[in-house]
């Protein structure tokens, strides 16, 4: 493991690189862009030099990957809908490949697409909720056979949030799949460079690092053609952190145990306002404070969430009924600990809930970011404007609707 100026991690591998794939052809250069945020990942293949101008039109994909392993569901639309759309593919792991009309239907919450599908001119309006969704880190992932180090991770904005490479979840995710390839006794490991553009604030309770890890798992799985399904990746993601499995899929979900057991819910579009703090809050310190508080006498868990099975059912029903019902259930056990470490959070929550149309304000993750649930898009934008006038840094976002068919891909 080597570092370059604190902004780039480079990891070598125990086996030599091979510049040819198992079919005896030069290793193709593929460039991927992985968009990661706290609720979704969209993988879009930008270019693939496979003898065809448009990979969407490529109908001659082989039934084995570059490691010689069989591809169970070969599909001409693997990875992308269109190279010009900058919109993520459905079925990027090739377990649920669909045509564009079906992709539109999925991303519009099962409403279907009213226009004729066209590979060369996809209906970008069908993806409005997706393309405009929230904040995301962007991880361009380049694969070639010319780099000295098989795995390189660099931070595009010149700031590496961690000092130790093994504390970097993105690097740990890359090495996790690298180790799997080693165990499969293959001698082919393509050089991979990942440049992370951090747009999600660090130490803000928004799972930005975990989102990066999940995006790396998805991107490398596709780029290296290791052919793990998302269910396979979900199981592996648990080794990286409790919230990484959820981020493999995104959407709305209930996690239990250590986070590896995830139950997904169908949702309608929800509107939120994210309020940021100028100061970070250490997740480790928040949990330490929570442990201290819970070690005291008379400490009880929130009654609504004391029974996992009941909790999942209550959330499912509330989400179906709408934002008002969901707001009544919103709670974060870390709130008291975060308030103890950053007392101004309490006043920020009160100020946020005074905004018309804001149904509930809670801290996101371990804080200090606040997540404000709004009754509709107008209320979210109005609250954002009001809070900005008081000096609060905030952003109105929406979470797309999800139908059950999304998680079948």
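If you go along the chain as it appears here, the first residue is 1 and each next one adds 1.
Cβ coordinates are placed from backbone N, Cα and C, and glycine is handled just like the others.
A quick note: this is a predicted structure, and the numbers were derived from the prediction, not measured.
Region 'Disordered' is the annotation Swiss-Prot gives to one range among 1-26, 27-52, and that range is 1-26. The secondary structure of residue 209 (ATP binding site), as reduced to three states from DSSP, is helical. If you measure from the Cα atom of residue 243 (active site) to that of residue 207 (ATP binding site), you get 8 Å. Less than 8 angstroms from the CB of residue 201 (ATP binding site) sit 208, 276, 280, 369, each of them six or more residues away in the same chain.
Cβ packing within 10 Å was compared across the binding-site residues 203, 207, 211, and the lowest neighbour count falls to 203.
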